[in-house]
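Have a look at the structure below before the remarks.
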Amino acid sequence: MATSAAAHGEHAEDHGHDEHAHPTGWRRSTNHKDIGTLYLIFAIIAGVIGAAMSLAIRAELMYPGVEYFHNTHLYNVFVTSHGVIMIFFMVMPAMIGGFGNWFLPLMIGAPDMAFPRMNNISFWLLPASFGLLLMSTFVEGEPGANGAGAGWTMYVPLSSSGHPGPAVDLAIFSLHIAGASSILGAINFITTILNMRAPGMTLHKMPLFAWSVLITAFLLLLSLPVLAGAITMLLTDRNFGTTFFAPEGGGDPLLYQHLFWFFGHPEVYILILPGFGMISHIISTFSRKPVFGYIGMVYAMAAIGGLGFVVWAHHMYIVGMDLDTEAYFVSATMIIAVPTGIKIFSWIATMWGGSIEFATPMLWALAFIFLFTVGGVTGVVLANASLDRVLHDTYYVVAHFHYVLSLGAIFAIFAGWYYWFPKMSGYMYNETLAEAHFWLIFIGVNLIFFPEHFLGISGMPRRYIDYPDAFAGWNLVSSIGSYISGFSVLLFIYCVYDAFAKNVPVGDNPWGAGATTLEWTLPSPPPVHEFEVLPRVE
């Protein structure tokens, strides 16, 4: 048996070598590390496009009056595309597709993912999906104007009768394909984690990042089919005369909102849970301590995932639901703060008494804890139906979810990037450049989004191209912040270029005694086929 395993290993090595020598190696590779790298490159490209759109939005809002988007529908298209791109083509491919594919098999001691060829198509569906979304901006949406400008939520009737052209149809197909990609990926992750752990690695010994990916995969598997159903009904309403969401045919536009948010709320937890997992590893590594309350951390994530499915209507307080219904959703939403608080305090307890090293990944992780907490506090404010009466669809909501996404998920992605970059590439980045990137984006995004709380409380509504002069001051501050953040993206790309240009080699484990998971026992970068003899976990 040992001989055959070794022989198989040699054969696999040769195949892996050919794969990279061949010009189509990247395209056809079924290796989880190659696919993870493709996901990360795709996420960076999509992120730059999405960030460019947000810069255009903030440039327009810098001063009152319509300045750049003289075709005002185009502004709505930018807002819509920015949202869809950042969620479906940047955060999800980076966290789940990128870091998930790269490190989940390494962490659990698996030779690869359970279904490597399915993994390949999970990735390649995404460029197709992205292409459809970009195509939608070049065909008619509203009469006489190109592109889908219904918001990333695509609420009816704006996305049905409000957009008679084919743009929204293309956007719907784009979401279908992105959803198919995520469902296939989720099946792959669940199977891999349940069936391919190294001998001795029970579920309760599994690294927290692996747990976060498992829970995220279940959320994807349960929520995406609901989105698929909703947008398919929207498609038939638009093209085939059905009236699922059209009152004149006995339909209900609120049904769309319920279906959408039944997907949409688990989705925002899908966007942050893998980040929780990454942050746990980074805090533990740079505090030189095991995570405080491991089991509590696992079940807190599971509780967040479960509760995420029963709070969706807190996005809909103003649609006229029954008061008892609203009371339920207020209470359920606030209960999610409990497991989230367990995680925050466990991270702080992990650092307590630790030998903390403020390396770049640790800076991102510390900023994540602070800024995610700010986003959580404004979330508790918005959970109150009575307050949401006033704050719904104002910039207060924009500030809230950008604090948990732009200053939460993105900070977690960058934390993971700087933490694992030496392992993925075999090179060390320039610490000074990396810290400059951190401080620049930290100042930038806080300048953008903190003042937006004030705008929201003052009553400035979201998704408008123009605003009364009274809101000019904080909008100027916000837009200046977006220029700083935009520059930080360029610095990040230069930082990556610099690391590959300088070629500073790195050992198996650049982080020292704090890094205890299996990937740090492998060379940097790992061989094409790791774990030919499965590791045994004690």
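In case you wondered, yes, glycine gets a Cβ from its N, Cα and C as well.
What Swiss-Prot lists as Fe(II)-heme a binding site is His82, His402. Note: His82 (Fe(II)-heme a binding site) has non-local neighbours Gly50, Met53, Ser54, Ile57, i.e. same-chain residues 6+ apart with C-beta under 8 A of its own C-beta.
When secondary structure is read from DSSP and collapsed to three states, His314 (Cu cation binding site) falls in the helix class. Every protein chain considered, the tally of other Cβ atoms within 10 Å of the Cβ of His314 (Cu cation binding site) stands at 21. The Cu cation binding site annotation in Swiss-Prot covers His265, Tyr269, His314, His315 and rests on a curator's inference.
The compositional bias 'Basic and acidic residues' annotation in Swiss-Prot covers 8-22.
Outside the transmembrane segment (37-57), and at least 6 residues removed from its termini, the chain residues within Cβ reach (under 8 Å) are 26, 68-69, 75, 78-79, 81-82, 85-86, 89-91, 93-94, 97-99, 101-102, 123, 126-127, 130, 413, 417, 424, 482-483, 485-486, 489, 493. The annotation transmembrane segment is assigned in Swiss-Prot to 37-57 (among others).
Swiss-Prot lists 84-104 (among others) with the feature transmembrane segment.
The transmembrane segment feature in Swiss-Prot is assigned to 121-141 (among others). Listed as Cβ neighbours of the transmembrane segment (121-141) (distance under 8 Å, sequence separation of 6 or more from its ends, same chain) are residues 27, 35, 38-39, 42, 46, 73, 77, 81, 84-85, 88-89, 93, 97, 147-149, 163-171, 173-175, 177-178, 180-182, 184-185, 188.
Under the heading transmembrane segment, Swiss-Prot lists 170-190 (among others), citing sequence analysis as support. For the transmembrane segment (170-190), the residues of the chain that approach it from at least six positions outside its boundaries are 80, 84, 88-89, 92, 96-97, 100, 104, 113-115, 118-119, 121-123, 125-126, 128-130, 132-133, 135-136, 139, 148, 154, 213-214, 216-218, 220-221, 224-225, 227-228, 231-232, 234-235, judged by C-beta separation under 8 angstroms.
Listed by sequence, the residues of this chain that lie at least six past the ends of the transmembrane segment (208-228) yet keep a Cβ under 8 A from its Cβ atoms are 96, 99-100, 103-104, 107-108, 175-176, 179, 182-183, 185-187, 189-190, 193, 259-260, 262-264, 266-267, 269-270, 273-278, 280-281, 291, 294, 297-298, 301-302, 304-305, 308-309, 517. Feature annotation from Swiss-Prot assigns transmembrane segment to 208-228 (among others); the stated evidence is sequence analysis.
The transmembrane segment annotation in Swiss-Prot covers 259-279 (among others).
The annotation transmembrane segment is assigned in Swiss-Prot to 291-311 (among others).
The transmembrane segment feature in Swiss-Prot is assigned to 329-349 (among others); the stated evidence is sequence analysis.
Per Swiss-Prot, transmembrane segment is recorded for 362-382 (among others), and the stated evidence type is sequence analysis.
Swiss-Prot lists 401-421 (among others) with the feature transmembrane segment. Long-range neighbours of the transmembrane segment (401-421) within the same chain, counting only residues 6 or more positions beyond its ends whose Cβ lies under 8 Å from a Cβ of the stretch, are 40, 43, 86, 91, 94-95, 99, 102-103, 268, 271-272, 274-276, 278-279, 281-282, 285, 359-361, 364-365, 367-368, 371-372, 374-376, 378-379, 427, 429, 434, 437-438, 441, 445-446, 448-449, 452, 492, 499, 511, 519.
Outside the transmembrane segment (438-458) by six or more residues, the chain places 58, 360, 363-364, 367, 371, 378, 391, 394-399, 402-403, 406-407, 410, 414, 470-471, 474-475, 477-488, 491-492 with a CB less than 8 A from a CB of the stretch. What Swiss-Prot lists as transmembrane segment is 438-458 (among others), and the listing cites sequence analysis.
Taken from Swiss-Prot, the feature transmembrane segment covers 476-496 (among others), and the record attributes it to sequence analysis.
Beyond the ends of the transmembrane segment (329-349), by six or more residues, the same chain brings 276, 279-280, 283, 291-293, 296-297, 299-301, 303-304, 307-308, 310-311, 313-314, 317, 321, 369, 372-373, 376, 379-380, 383-385 to within a C-beta distance below 8 angstroms of the stretch. Contact between the transmembrane segment (291-311) and the transmembrane segment (259-279) is supported by 3 or more Cβ pairs under 8 Å, counting only residues 6 or more apart in sequence. Sequence-distant contacts of the transmembrane segment (84-104) (same chain, at least 6 residues past either end, Cβ-Cβ under 8 Å): 32-33, 35-37, 39-40, 42-44, 46-47, 49-50, 53-54, 110, 113, 119, 122-123, 126, 129-130, 133, 152, 171, 174-175, 178, 182, 185, 189, 192-193, 209-210, 213, 216-217, 220, 267, 270-271, 274-275, 278, 405, 409-410, 412-413, 416, 420, 424, 519.
Rounded to a whole number, the distance between the Cα atoms of His402 (Fe(II)-heme a binding site) and His314 (Cu cation binding site) is 17 Å.
Among residues of the same chain six or more beyond the transmembrane segment (362-382), those with a C-beta under 8 A of the stretch's C-beta atoms are 272, 275, 279, 282-283, 286, 314, 333-334, 337, 340, 344, 347-348, 356, 388, 391, 396-397, 399-404, 407-408, 411-412, 414-415, 418, 435, 438, 442, 446, 453.
In sequence order, Trp261, Gly264, Pro266, Val268, Gly308, Val311, Trp312, Thr333 are the residues of the same chain, not among His265, Tyr269, His314, His315, whose CB sits within 8 A of the CB centroid for the Cu cation site. Neighbour list (Tyr269 (Cu cation binding site), Cβ cut-off 8 Å, at least 6 residues apart, same chain): Thr216, Leu219, Ile304, Gly305, Gly308.
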